[in-house]
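Take a look at the structure below.
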Amino acid sequence: MYSFNTLRLYLWETIVFFSLAASKEAEAARSASKPMSPSDFLDKLMGRTSGYDARIRPNFKGPPVNVSCNIFINSFGSIAETTMDYRVNIFLRQQWNDPRLAYNEYPDDSLDLDPSMLDSIWKPDLFFANEKGAHFHEITTDNKLLRISRNGNVLYSIRITLTLACPMDLKNFPMDVQTCIMQLESFGYTMNDLIFEWQEQGAVQVADGLTLPQFILKEEKDLRYCTKHYNTGKFTCIEARFHLERQMGYYLIQMYIPSLLIVILSWISFWINMDAAPARVGLGITTVLTMTTQSSGSRASLPKVSYVKAIDIWMAVCLLFVFSALLEYAAVNFVSRQHKELLRFRRKRRHHKSPMLNLFQEDEAGEGRFNFSAYGMGPACLQAKDGISVKGANNSNTTNPPPAPSKSPEEMRKLFIQRAKKIDKISRIGFPMAFLIFNMFYWIIYKIVRREDVHNQ
């Protein structure tokens, strides 16, 4: 009886053992067929137990990491001449390969991770060399993207608003073409560890319908390499050049057309009567002051540069024409009043000449009496053989031809007034013709010659 119970217990234990083993094998089979959870996979891929160290670059002590970059421009604007910078909002995308992040355990070909995972992986130390100010975007969440592919490729995208320096050459302003650059450089890794390069296709993309208030962003993009050499080593650098052509519509309406009308307004004084001194002087001074204000306004939004700009030449010539119109009336007024000065000069000359003439005649008469009476010669002794007196002969030989009759004051006044009117008539044609010639040279030089030089550069 005892042996039978022992045998039955043994059989029962054997059955339980095999059933447990079978259940464990079934559970193991189920667990093998079930995919790993994302949390477990990430812990295994880059957690503390994975051995991944974000402080060490991929291929440590090996070949440099090649980082492919591209940018997508969301907005481009706020180009300031005074501070010589521009503002741009972009998506910056960087791609590189990290063999430590390659996987086969997870079924998906790529993983889109939360931005908080960025602190767990290695990232390039990219910075913008010509950056003056920048900020990230966090509304409604951090505008960052992290994607890891099965082969270890990493895509890191971030949205940034940048204020970048843009040195400008304003000699042709406002008909200029500016070139603004964006430089992407490594801060700490030399070219032995890290190399930046532009993406082969679509390195620089622009949002559809992107427009600028005063410029046209040209479609061709100039992509270059700008390797930097410092005391600490040779660092990788890439740059994109944006060519911006300024539109003249605003400046035509605000500067060129008003100044042109002011110059034309100053020519009205040539048709106003020269006797209307208050009208002509008031018009001349008003146009000069208005032109001065217009010229100052054109320089208010520009930096204080040492060279001459195209707008400076235009404003200076317009001011010169307006001021010359005012001086023209001064010349006309001076010429029209010259007859009064001439009459005053004649009166002074006649006043000084009359006493001298009387004195000369008295001396001449006194000398005659002395000569003839001293030698006892009377008037009869001065008769010649032909009956002509000596004195009469002398007078006939020394008399000058009679002077031309002088013009009357009224005739002189009319003569000088005609001369003044002639100056006005010449100015009516000369000023517009001179301004037209200046315009021809000005627009040909700045719209054709200078622009071709810029394109050739």
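Cβ atoms here come from the backbone N, Cα and C positions, even for glycine.
Per Swiss-Prot, the features are as follows:
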BINDING   Glu220, Asp222, His243  Zn(2+) binding site
DISULFID  Cys166-Cys180  disulfide bond
DISULFID  Cys226-Cys237  disulfide bond
CARBOHYD  Asn66  N-linked glycosylation site
TOPO_DOM  29-250  topological domain 'Extracellular'
TOPO_DOM  273-277  topological domain 'Cytoplasmic'
TOPO_DOM  299-309  topological domain 'Extracellular'
TOPO_DOM  331-425  topological domain 'Cytoplasmic'
TOPO_DOM  447-457  topological domain 'Extracellular'
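Projection of Swiss-Prot feature records onto the structure.
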residue: Asn66; record: N-linked glycosylation site; DSSP class: strand
residue: Cys166; record: disulfide bond; DSSP class: coil
residue: Cys180; record: disulfide bond; DSSP class: strand
residue: Glu220; record: Zn(2+) binding site; DSSP class: coil
residue: Cys226; record: disulfide bond; DSSP class: coil
residue: Cys237; record: disulfide bond; DSSP class: strand
residue: His243; record: Zn(2+) binding site; DSSP class: strand
Chain residues in Cβ proximity to the topological domain 'Cytoplasmic' (273-277) (below 8 Å; excluding those fewer than six residues from its ends, i.e. six or more beyond): 329, 332-333, 336, 417, 420-421, 424
Sequence-distant neighbours of Asp222 (Zn(2+) binding site) in its chain (C-beta under 8 A, six or more apart): Thr179, Ala240, Arg241, His243
Among Cys166, Cys180, Cys226, Cys237, the one of these disulfide-bonded residues whose Cβ has the fewest neighbouring Cβ atoms within 10 Å: Cys226
Cα proximity to Glu220 (Zn(2+) binding site), best match among recorded positions Asn66, Cys180, Cys226: Cys180
Nearest of the disulfide-bonded residues (Cys166, Cys180, Cys226, Cys237) to Asn66 (N-linked glycosylation site), judged by Cα-Cα distance: Cys237
Distance, Cys226 (disulfide bond) to Cys180 (disulfide bond) (CA atoms, angstrom): 15
Surrounding CB atoms that lie within 10 Å of the CB of Glu220 (Zn(2+) binding site), all protein chains: 7
C-alpha spacing of Cys166 (disulfide bond) relative to Cys226 (disulfide bond), in angstrom: 16
Helix-strand-coil residue split for the topological domain 'Extracellular' (299-309), DSSP-based: 2 helix, 0 strand, 9 coil
